[in-house]
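Right, one structure below, let's go through it.
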């Protein structure tokens, strides 16, 4: 574990990231951005909740094990509307790599931070853009991570977007609580939860489903990743990770949660992620591509009906 530099002024200091002792610190650029100076939103006097303006839908992609952030990237890429993709995996940001944006930096204007654009209709924000190197570790406790997330939601100039997609790390920790709290007034459409077939992953996902129920966050559904392997030559399906307890399908039936679909294991997915290229373009005829498109259409259908229900509730 890397030690804090001798003479560190502290992340909440005016000299954070700018002092002589900050030179060479892996968090120098991150501290200099001012993110570390943001107060813990759970404390009194932390200021008003951030407001994401001009956004029609808010989706939260919550990963169990082996989510990779790929469904998030696929969802953002496939939706042919204006999309904001926010990566709040502070300690393990993978979205810049998957989206082919490694090495990009965030620029600041009079209206706030400008997201990095993959396409004209797809903007991305991640703590990965604030690090000097993809290998740098973010050495922050919970309150600082919360402040970073709040600053992303408050200070990023997304413009008018149709979807805000939030990619979260596995678990039910600070990041998840923060984004639910900050976007409470914006009425999150729901959470998409990723799992793999084996029980060790399903155990974590059951906790995430329980978390969603406790914070009254709608669950759009569960996606089973790496469900089977389809041989590209003989087309025969094999179970690389046998569902010893019935997999996501049995779990969803037990917990009365929708199963959005199953994505088969495809080596092209890993290659596309490593190269930062679109899996849909690289393997348009893959069974995994067809599964992703079906899942995304179901998510869009949920969001459309959720929006109609909200409007009817307001008008009644």
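In case you wondered, yes, glycine gets a Cβ from its N, Cα and C as well.
What TrEMBL records for 8, 22, 25, 31 is [4Fe-4S] cluster 1 binding site. Residues or ranges marked as [4Fe-4S] cluster 2 binding site by TrEMBL: 231, 234.
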Of 8, 22, 31 (the binding-site residues), the residue whose Cβ has the fewest other Cβ atoms within 10 Å: 8
Count of other CB atoms lying within 10 Å of the CB belonging to residue 25 ([4Fe-4S] cluster 1 binding site): 19
